[in-house]
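So that you can see what the record holds, here are the features copied from Swiss-Prot:
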BINDING   CYS39, CYS42, CYS45, CYS77  Zn(2+) 1 binding site
BINDING   CYS50, CYS53, CYS56, CYS72  Zn(2+) 2 binding site
BINDING   CYS88, CYS91, CYS114, CYS117, HIS122, CYS125, CYS145, CYS148  Zn(2+) binding site
REPEAT    518-541  repeat 'LRR 2'
REPEAT    607-636  repeat 'LRR 4'
REPEAT    662-694  repeat 'LRR 6'
Amino acid sequence: MGMKVPGKGESGPSALLTPPMSSSSRGPGAGARRRRTRCRRCRACVRTECGDCHFCRDMKKFGGPGRMKQSCLLRQCTAPVLPHTAVCLLCGEAGKEDTVEGEEEKFGLSLMECTICNEIVHPGCLKMGKAEGVINAEIPNCWECPRCTQEGRTSKDSGEGPGRRRADNGEEGASLGSGWKLTEEPPLPPPPPRRKGPLPAGPPPEDVPGPPKRKEREAGNEPPTPRKKVKGGRERHLKKVGGDACLLRGSDPGGPGLLPPRVLNPSQAFSSCHPGLPPENWEKPKPPLASAEGPAVPSPSPQREKLERFKRMCQLLERVPDTSSSSSDSDSDSDSSGTSLSEDEAPGEARNGRRPARGSSGEKENRGGRRAVRPGSGGPLLSWPLGPAPPPRPPQLERHVVRPPPRSPEPDTLPLAAGSDHPLPRAAWLRVFQHLGPRELCICMRVCRTWSRWCYDKRLWPRMDLSRRKSLTPPMLSGVVRRQPRALDLSWTGVSKKQLMWLLNRLQGLQELVLSGCSWLSVSALGSAPLPALRLLDLRWIEDVKDSQLRELLLPPPDTKPGQTESRGRLQGVAELRLAGLELTDASLRLLLRHAPQLSALDLSHCAHVGDPSVHLLTAPTSPLRETLVHLNLAGCHRLTDHCLPLFRRCPRLRRLDLRSCRQLSPEACARLAAAGPPGPFRCPEEKLLLKDS
């Protein structure tokens with residue numbers, strides 16, 4: 001149940017993994033430790049997979065090997081919740097915030113998980129004296145417990161923190177959300193109002209050393225938020241803080257008096273920013289000047305004055321400009337210089353009406369990756385290393401499926417339970433399996449692993465029939481590819497264009513493809529899939545197929561390789577083409593004669609636009625089909641008349657001619673053609689059906 005804050009190598013809160021359970025964390029309910037679950041309400045949880053990220057391309061449903069076992073990048077939950085089995089480590093009970101009404105009572109009875117020690121407790125069960133805790137408002141039931149805060153323990157990457165998370169669109173960005181600070185000390189009186197006069201005298205902000213600041217953690221841009229009080233066994237006060245900084249008690253909520261939440265006292269804060277400098281050389285900022293416009297403020301106590309000095313020191317440290325800020329930030333700063341001159345300039349420079357240069361020597365970086373800054377006039381030159389650079393973005397993967405490594409060779413013998421091998425070799429078993437049907441082969445695949453591998457042999461699956469299935473699942477497509485059939489029937493199925501393209505690119509030995517009854521949207525995948533071994537193509541009764549669609553299918557691919565002089569069409573090697581029920585015209589037949597010259601069987605039945613001129617095109621002296629046609633089906637073509645029957649005598653190899661259901665053809669004319677058909681007479685087993693024995 002424990003949770004770790006995402007580090008530098010993780011993408012967001014969805015990557016929160018369960019840490020290994022230590023002996024110190026054992027307690028009531030500590031054995032049921034699980035990772036956080038989806039909230040099922042955010043934008044990432046309710047959307048579907050994108051199909052483009054490297055996790056989606058690895059999934060089996062998208063044609064990948066399925067080895068990563070990760071969800072889509074765009075479906076990573078942005079606010080994962082604790083599992084329903086989570087219980088308090090101290091009392092062993094689950095969250096009971098639904099049993100009370102008040103906000104304070106709800107907080108005391110809700111489960112909170114620490115991002116440092118991973119312990120899940122009720123805040124009301126903690127018996128801590130004066131302690132502080134920071135609540136993360138981004139992730140539900142997440143905080144830094146008072147115990148870890150009191151001991152000074154920090155997470156692995158406090159600079160990035162749990163607030164850095166990936167947005168709903170899948171891009172990683174800096175979250176501008178804020179957390180809650182929990183303290184049990186009595187509240188301080190409200191601070192004096194913000195002065196509109198010049199800032200207190202002191203060294204310029206850009207001449208004072210300080211750690212580099214990321215522009216996405218500029219907490220000064222957030223509006224001040226009032227405190228919230230929580231009443232329980234002891235009085236607690238929650239103060240809104242932004243990102244990685246907490247508001248100093250007694251400081252101005254509207255001002256930029258922010259300091260890192262792990263700083264314990266001013267000496268530690270200044271010494272961490274000035275390594276190697278003795279305390280007597282630390283330059284302390286001067287007290288603020290009184291403003292003529294502001295109201296009179298009573299003299300603060302010594303402790304309050306010390307806090308004010310500490311606040312102003314941290315303010316100056318935080319305002320050291322970041323050299324990695326973009327030019328757009330500098331432009332926006334220059335545009336708003338008229339309104340923020342008294343806030344962003346040092347007192348001396350504000351009076352002179354000028355701003356320090358951006359490229360001054362106080363901001364330049366040395367070649368060693370260290371920044372040199374003079375804290376004051378005549379002071380020593382200080383330097384410290386820059387902060388760690390953000391991790392580089394992962395390289396964009398190529399948009400193709402990564403195929404799994406080649407499988408190990410299949411065993412030649414069948415191992416038995418006794419340890420010996422079966423006397424029959426693999427070749428003998430395959431001869432036995434060839435007499436079984438698809439259903440019996442599937443039963444044999446469940447017997448043992450060896451038989452399962454043997455039954456995938458493509459010689460056992462010459463033809464696969466998936467017709468009349470509403471949807472094709474990824475396991476079905478993977479099974480087809482593993483068996484490598486020579487004939488595949490997908491008629492009247494809901495196969496999509498993406499699925500068909502995925503199949504055809506992996507079935508290079510496919511000889512027969514049946515797509516009758518499918519939509520043109522899916523059949524259009526034939527225009528981009530190479531089928532060198534295809535001999536039969538069935539496109540009967542496909543919806544919305546006209547001359548333009550057939551032209552797209554018949555024309556040669558536009559991406560011919562350089563140096564290739566011959567432009568072959570996609571159906572150059574097809575011997576049997578079935579186009580029944582399509583709206584074909586004579587223009588489509590001309591394309592067919594040009595780009596499918598090896599047709600021996602052609603089905604044009606129930607094509608409403610086929611008539612006598614179409615038969616003249618098929619049997620013309622320039623037609624390549626005149627010498628190759630063996631089977632011709634023109635049943636249901638109502639525009640055919642008796643005048644086209646003598647044209648069929650031009651086809652010497654014609655063995656079957658189907659003219660059934662042609663209304664304008666007389667049975668007598670068909671009988672005369674059957675009696676005088678070259679090179680021998682036809683026989684008529686049915687009316688208007690002419691057959692010739694080979």
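Note that Cβ sites are derived from N, Cα and C of the backbone, with glycine treated the same way.
It is 32 Å from the Cα atom of CYS45 (Zn(2+) 1 binding site) to that of CYS148 (Zn(2+) binding site). In sequence order, the binding-site residues near CYS39 (Zn(2+) 1 binding site) (Cα within 10 Å of its Cα) amount to none of CYS50, CYS145, CYS148.
Taking each Cβ in turn and tallying the other Cβ atoms within 10 Å, the top scorer among the binding-site residues CYS42, CYS45, CYS56, CYS125 is CYS56. With respect to CYS145 (Zn(2+) binding site), the closest of these binding-site residues in Cα terms is CYS77, chosen from CYS42, CYS53, CYS56, CYS72, CYS77. A helical conformation is recorded for CYS148 (Zn(2+) binding site) in the three-state DSSP classification. Between CYS148 (Zn(2+) binding site) and CYS53 (Zn(2+) 2 binding site), the C-alpha separation comes to 38 Å. Recorded residues CYS42 (Zn(2+) 1 binding site) and HIS122 (Zn(2+) binding site) have their alpha carbons 26 Å apart, per Cα-Cα distance.
Distance from the CA of CYS72 (Zn(2+) 2 binding site) to the CA of CYS117 (Zn(2+) binding site) is 29 Å. Taking CA atoms as the reference points, CYS50 (Zn(2+) 2 binding site) and CYS88 (Zn(2+) binding site) are 38 Å apart.
Ranking the binding-site residues CYS72, CYS114 by the number of CB atoms within 10 A of their own CB puts CYS114 at the top. CYS114 (Zn(2+) binding site) carries a strand DSSP state (E or B). Ranked by CA distance from CYS88 (Zn(2+) binding site), the binding-site residues CYS53, CYS56, CYS72, CYS77 have CYS77 at the top as the closest.
Fewest other C-beta atoms within 10 Å: among the binding-site residues CYS145, CYS148, that description fits CYS148. When other Cβ atoms within 10 Å of the Cβ of HIS122 (Zn(2+) binding site) are tallied across all protein chains shown, the result is 22. On the backbone, the CA of CYS125 (Zn(2+) binding site) and the CA of CYS77 (Zn(2+) 1 binding site) stand 29 Å apart. Here the Cα atom of CYS91 (Zn(2+) binding site) is found 29 Å from that of CYS77 (Zn(2+) 1 binding site).
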